[in-house]
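Novice: Quick one: the structure is below, questions incoming.
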Amino acid sequence: MAGEQNIKYFNIKGRMEAIRWLLAVAGVEFEEKFFETKEQLQKLKETVLLFQQVPMVEIDGMKLVQTRAILHYIAEKYNLLGKDMKEHAQIIMYSEGTMDLMELIMIYPFLKGEEKKQRLVEIANKAKGRYFPAFENVLKTHGQNFLVGNQLSMADVQLFEAILMVEEKVPDALSGFPLLQAFKTRISNIPTVKTFLAPGSKRKPVPDAKYVEDIIKIFYF
């Protein structure tokens with residue numbers, strides 16, 4: 001088991017969830033420190049946040065900010081970034097695609113009325129019309145159990161997370177994508193993934209009205 005890491009964020013999914021996933025799948029213990037007030041966040045902004053933004057992860061004597069930088073460091077450290085430069089580039093490419101999809105969903109709870117309805121349609125259309133067909137084809141062409149090479153990578157973890165996020169909004173999103181369905185089953189059976197999916201883990205629940213209220217209070221009141 002790797003050394004414990006310290007992460008600072010809100011007690012929500014947000015941009016930290018991809019980091020939680022990667023640490024958990026790598027089998028890394030991590031401690032969470034949550035912001036519950038605007039004052040707590042402001043204090044950190046004034047002291048250690050390089051760009052006055054979270055998430056932040058304390059790891060190997062560093063205070064890392066910026067989600068992608070954190071993800072790449074964790075992936076490199078725990079052998080989830082491929083065996084050579086070509087695999088590295090492919091993994092980053094696939095990960096960036098899934099991050100684009102996940103960012104569509106992250107903002108969804110904060111929308112209202114017609115804008116929220118339109119965003120749900122956009123999520124469904126882009127998942128089923130752009131991203132899932134692309135990854136279905138990657139799996140078909142590659143012919144392996146994973147997206148790159150034949151071992152688990154950051155790209156697999158993020159695609160799995162993206163699938164779960166989409167299915168929370170569009171339950172039938174994987175219909176018509178048999179290879180992605182099989183991929184989801186394979187990844188869900190990895191022991192560390194099973195553990196993170198189980199009740200009582202540090203995985204955060206689907207955002208609800210309280211989630212939105214808490215974040216608005218911290219940022220705007």
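Cβ coordinates come from backbone N, Cα and C, glycine included.
Annotated N-acetylmethionine per Swiss-Prot: M1, in sequence order, evidence recorded as experimental evidence. Per Swiss-Prot, N-acetylalanine is recorded for A2, and the stated evidence type is similarity to another entry. The domain 'GST N-terminal' feature in Swiss-Prot is assigned to 3-82. For Y9, K45, Q53, V54, Q66, T67, the entry in Swiss-Prot reads glutathione binding site, with the evidence type similarity to another entry. Residues annotated as domain 'GST C-terminal' in Swiss-Prot: 84-208.
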Novice: So for T67 (glutathione binding site), how many other CB atoms are inside 10 Å of its CB?
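Specialist: T67 (glutathione binding site): 20 neighbouring Cβ atoms within 10 Å.
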Novice: Between 0 and 100, where does the mean pLDDT of the domain 'GST N-terminal' (3-82) sit?
Specialist: 86
Novice: What's the number of neighbouring CB atoms sitting within 10 A of the CB on V54 (glutathione binding site)?
Specialist: 20
Novice: Which state, by DSSP, holds K45 (glutathione binding site): helix, strand or coil?
Specialist: helix
Novice: Are there residues of the same chain, six or more positions away from Q53 (glutathione binding site), whose CB falls under 8 angstroms from its CB, and which are they?
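Specialist: Listed in sequence order: V65, Q66.
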Novice: The record names Y9, K45, Q53, V54, Q66, T67 as the residues that bind glutathione; what is their largest Cα to Cα distance in Å?
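Specialist: Max Cα-Cα spread across the glutathione binders: 16 Å.
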Novice: For the domain 'GST C-terminal' (84-208), what does DSSP give as the number of helix, strand and coil residues?
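Specialist: Across the domain 'GST C-terminal' (84-208), DSSP assigns the residues as follows: 89 helix, 0 strand, 36 coil.
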